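Undergrad: First the structure, then my questions, so here it is.
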Amino acid sequence: MSLATLENRLDHHFGDPALLEQALTHRSHGARHNERLEFLGDSVLNFVVAAMLFERYSKIDEGDLSRLRANLVKQASLADIAQRLELSQYLRLGEGELKSGGFRRPSILADTVEALFGAVFLDAGFDAARRVIVRQYQPVLASVDPKTLGKDAKTLLQEFLQGRKLALPLYTVVATHGAAHSQQFEVECAIPALEIKVNAPGASRRAAEQSAAKLALEAAQAISPASKAARKSGKARKTAQLSLPVAVSQETK
């Protein structure tokens, strides 16, 4: 596929096409590879994303801004951008990397995205690099929930319960399977106040707890206000039914 198509997707046309070719070249392909451009692009990317977050979320503190940035520039996020750009079609890889499926490897795709940002910076300066990065991150930021991005399931569940003044969940290892060097853990997560109990497996206790917390959070979020009202209404009817005979006996006295 023509590099002009990639330039259109980036919204940048290189004055020095050699920079674009270098950005797409993995070290397995030749001496003029993209690792130095990746280093440069990583720095430019972090600055631009930090500025975007600073401008977009004026009431979020430094700790949460750092959490958001870390998740937006991590390998998985960059690999998603690479897929949107269809970078795998343009990568220049050595024979060994081609045979092993390097064009699909998230680490290679993410590194190439950073190298492209670095190449744009060298080709046309900071404003051009900023424009390219903002273009790629606008759809990402549009779907981001700053309250939850980057938080693990246990943290999200704890915050959910604390926000409703409910007791914290209870985690219990209910079973272990397999040999000592490859054990599988099964953990129960219980939320007594919501009558929720779920089990989940994991390669470690921590992993199993995270999986169980995710299931418990989904179950807790699925409890609608209508179902809560129905439970309260049912309890009220039971109370009325229990108190009725007492009232009658008082009238007959």
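In case you wondered, yes, glycine gets a Cβ from its N, Cα and C as well.
Found this in TrEMBL, in case it helps:
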DOMAIN    3-125  domain 'RNase III'
BINDING   Glu38, Asp111, Glu114  Mg(2+) binding site
ACT_SITE  Asp42  active site
ACT_SITE  Glu114  active site
DOMAIN    152-222  domain 'DRBM'
REGION    228-253  region 'Disordered'
COMPBIAS  229-238  compositional bias 'Basic residues'
Undergrad: Can you check what DSSP calls Glu38 (Mg(2+) binding site), collapsed to helix, strand or coil?
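TA: SS state of Glu38 (Mg(2+) binding site) = helix.
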Undergrad: Can you tell me how far the Cα of Glu114 (Mg(2+) binding site) sits from the Cα of Asp42 (active site), in Å?
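TA: That separation, Cα to Cα, works out to 5 Å.
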Undergrad: Which of these binding-site residues has the least crowded Cβ, counting other Cβ atoms within 10 Å: Glu38, Asp111, Glu114?
TA: Glu38
Undergrad: Taking just the CA atoms, what is the gap between Asp111 (Mg(2+) binding site) and Asp42 (active site) in Å?
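TA: Approximately 9 Å lies between the Cα of Asp111 (Mg(2+) binding site) and that of Asp42 (active site).
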Undergrad: Need one number: mean pLDDT over the domain 'DRBM' (152-222).
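TA: A mean pLDDT of 91 is what the model gives the domain 'DRBM' (152-222).
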Undergrad: Applying the rule Cβ within 8 Å of the centroid of the Cβ atoms of Glu38, Asp111, Glu114, what extra residues of the same chain belong around the Mg(2+) site?
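TA: The surrounding set, listed in chain order, is Asn34, Glu35, Leu37, Phe39, Gly41, Asp42, Leu78, Ala110, Thr112, Val113, Ala115, Gly118.
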Undergrad: So if I draw a 10 Å sphere around the Cβ of Asp42 (active site), how many other Cβ atoms end up inside it?
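TA: Cβ-Cβ neighbours of Asp42 (active site) within 10 Å number 19.
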Undergrad: Would you list the DSSP helix, strand and coil counts for the residues of the domain 'RNase III' (3-125)?
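TA: Going by DSSP assignments, the domain 'RNase III' (3-125) contains 89 helix, 2 strand, 32 coil.
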